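Here TrEMBL flags 26-529 as domain 'K+ potassium transporter integral membrane'. What TrEMBL lists as domain 'K+ potassium transporter C-terminal' is 541-790. Taken from TrEMBL, the feature transmembrane segment applies to 23-45, 65-83, 147-166, 231-253, 310-335, 355-383, 404-424, 430-454, 461-479, 491-510.
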Amino acid sequence: MDPPLSPTTYSDGLKKETWRHSLILSFQTLGVVYGRLSTAPLYVFGTIQTTDFKSNETAYEYFSFIFWTLTVVSLLKYAFIVLRADDNGEGGVFALYSLLCRHAKVGLLPNDRSTKEVMQHEEVSTLRGKVESRARKAIRNHRSSHYLMLFTALFGACMIIGDAVITPSISVLSASSGLQRSLSNIKYTSSTDAEQTISDDLKKYVPVPSACVITVGLFILQYYGTHKIGFMFAPIVTIWLLFISGVGVYNVLHWDPKIFSAISPAYMYRFVRKINKASWKSLNSILLCIAGSETMFTDLGHFSKRSIKITFVCLIYPVLVLCYAGQAAFISKHWNGTENFNHLSESVPKHLRHVFILVSLLASAVGSQATITASFSIINQCLALGCFPRVKVIHTSDKRLGQVYIPDVNWLLMALSLSVTIGFHDVTRIANAAGMAIVFGMIVTTCMMSLVIALYWEKSLFVSGCFLMFFGFVEAVYVSACMLSFHKGAWYLFVISAVSFTIMLAWHYGTMKKYEFDFQNKVSTEWLTDYSPGLGVSRVPGIGLIYTDMVTGIPAFFSHFITNLPAFHQVLIFVSFKPQPVPCVPPRERYLVGRVGTKDYRIYRCIVRYGYCDQIRDTDDFEEQIISSIGEFISLEESDCESLASPEGRMMIVGKPLLDTNALIPIHDTTSVAGSTNIANNETLASPSGDLIERKTPVRRKKVRFLMPEGSPRMRVSVREELQELIDARESGTAYFLGQSHLTVRNDSNFLKKFLIMAYVFLDKNCREHPVALNIPHAALVEVGMVYII
């Protein structure tokens with residue numbers, strides 16, 4: 001098996017991707033990314049009212065809209081333009097937002113000035129010689145534009161989540177409705193009344209129950225991860241694509257070979273010229289032909305640009321054009337014939353319909369995979385950027401860091417999807433909501449992409465404006481059609497989106513307010529180093545790890561602890577996790593280490609930087625890394641020439657291999673740690689954003705001890721003494737300090753502020769707790785409660 005792909009080699013791996021690897025990924029994309037686009041023919045024509053077909057010309061006009069919508073939006077916009085705007089291999093609206101955060105400085109992540117000085121030293125040096133554009137300067141100086149971009153990114157994420165709820169319902173229900181029609185065509189009895197009764201019962205009891213069973217099975221399979229699901233589902237989609245392309249070719253040749261003349265935009269002009277409210281509504285169904293295009297970009301972290309583009313251009317696009325052309329050719333000859341002439345199953349030759357029903361049922365389940373996977377990716381990005389409550393995240397692949405599974409979200413999506421299927425039990429009404437989710441998600445991408453073109457790619461405002469106006473106009477046409485059907489199902493999407501948006505906004509707002517409170521109430525380092533000895537504070541053996549969001553000063557909860565219990569450990573390490581708007585931070589750049597006070601105090605600060613796709617090891621291993629980084633800092637401090645200036649002193653980037661030997665030598669003992677949680681069959685990885693990251697490989701916990709390296713002539717006596725003191729402190733034990741905050745709102749606060757804080761407090765109490773999320777042994781945990789009045 002190939003070695004795991006580390007964050008260091010992640011971006012390099014994307015650049016050095018071989019053609020063999022690209023073809024393997026392209027095959028997997030069929031089962032994950034393109035399932036929905038491939039199964040869209042099940043309901044595009046089928047959700048158009050039969051009364052809207054006035055003549056054979058109507059089928060030509062609809063096909064013309066489908067062809068140009070697929071070409072302009074899916075092929076031109078996503079395959080050739082948007083896929084180029086990846087963030088080191090990650091895609092989606094939050095990837096675009098992270099690009100803007102870094103290059104236009106519009107981020108609202110909680111960072112004080114000192115944090116930016118410490119964390120963004122590389123960016124300052126690289127941008128020092130670059131002339132800042134007027135557009136970038138104007139956006140940076142207007143705080144309102146920062147909030148607008150954040151709200152836009154959150155809204156786009158909500159559309160993706162809403163789409164993940166609706167897509168399983170419409171895909172599976174469309175296929176199960178075809179099963180019901182096929183069963184209804186079977187002759188069961190000679191009695192007309194009995195036949196009608198059987199037909200009514202089949203219509204009542206077959207589509208919804210079978211759709212619910214398939215939906216439940218689909219969400220259960222998510223546990224196995226993108227890699228296995230991709231190989232499992234790809235053959236199904238391949239068979240489906242071959243089947244519908246063959247049927248499409250047959251229908252074109254058998255019914256209407258002239259259908260390809262409808263590619264001419266003149267047919268769209270004829271449709272618009274005689275437009276009315278009823279026919280304009282039908283564009284909501286035409287919009288569904290590009291359902292799944294957004295996931296080409298959102299699922300980018302699971303695959304690669306080359307594999308996604310190759311599959312779409314060489315296979316998906318031509319097959320879909322053939323399929324829609326064949327169905328339009330069939331409809332043009334049967335528009336005034338059978339009752340269900342606009343359904344895809346009717347255009348299939350009769351001797352193949354039973355095969356079609358079976359394949360469509362399997363393909364419809366696969367069709368939902370793209371949006372489910374996209375929702376996992378976007379929520380994982382929101383977690384790291386402080387915009388979603390703490391949830392458990394399982395990385396299902398060591399080779400593709402973007403392949404994640406979120407159990408809590410998975411079961412919630414399943415419950416909501418089942419409620420849509422049971423509550424609406426009508427493909428047309430669900431299609432109205434699906435169309436709304438698709439087009440609003442695309443509008444968000446268009447708006448964010450136009451900013452990326454101007455601010456990141458540094459193209460002219462004219463180019464950016466042309467992109468926004470052209471694609472924005474196409475999408476605005478479909479928005480107007482969707483709004484006409486708002487009261488017929490589309491309202492449900494806005495209910496889901498409003499709840500999701502409120503959760504994300506409340507969590508982000510509460511997180512920022514907590515950080516602001518901590519920043520305003522922190523105490524200076526002098527209070528701990530100079531004044532505390534006069535207060536009778538004593539030092540006890542061991543290491544104290546203080547987890548805090550602050551990168552300067554002493555957090556308020558720790559000063560509160562010292563005031564009430566005047567003692568702390570002989571070695572103190574203030575640990576801060578800081579998210580970076582990038583997918584991965586290389587290990588050699590992950591740790592920034594410095595001192596708090598003079599050497600005699602043995603107080604250190606360690607800043608751990610991570611990207612929104614990074615994995616941080618479990619607590620035992622993570623503690624080892626922290627202590628190793630402190631040891632490396634001690635040994636390199638005197639001679640380091642790359643240390644950074646910070647308000648407290650020098651910060652040093654550690655993690656680079658030493659020339660001679662490590663400052664501390666780790667010795668692994670395969671013994672379980674008493675008091676640790678989660679010792680059994682899974683290795684649990686802890687993300688600094690508070691989520692659990694589980695790797696499904698059975699391991700035993702390791703107790704790590706450190707030893708001094710044997711004879712090192714270059715090591716000074718003072719350095720050796722400090723390292724030995726660090727080792728002795730580790731042997732004495734480690735305690736973990738966490739601040740347990742309780743937010744309350746002032747009585748004179750406005751309603752919106754009270755509501756957001758109340759929502760944050762509710763979410764904070766009901767999501768995963770910090771001790772569980774960080775996997776800290778409860779026996780070694782010290783929680784200090786603080787009441788924050790906002």
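Glycine residues also receive a Cβ, built from the backbone N, Cα and C atoms like all the rest.
Automatic prediction, not curation, is the source of TrEMBL annotations.
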When counting Cβ pairs under 8 Å to the transmembrane segment (355-383), the leader among 23-45, 310-335, 404-424, 430-454, 461-479: 23-45
Contact set, same chain, for the transmembrane segment (430-454): CB under 8 Å, 6 or more residues outside the stretch: 43, 47, 73, 77, 81-82, 85, 93, 96-97, 99-100, 104, 133, 135, 139, 149, 152-153, 155-156, 159-160, 162-163, 166-167, 169-170, 173, 284-285, 287-288, 290-291, 293-294, 297, 420-421, 424, 460-461, 463-465, 467-468, 471-472, 475-476, 478-479, 481-482, 485-486, 488-494
Rounded mean pLDDT for the residues that make up the domain 'K+ potassium transporter C-terminal' (541-790): 72
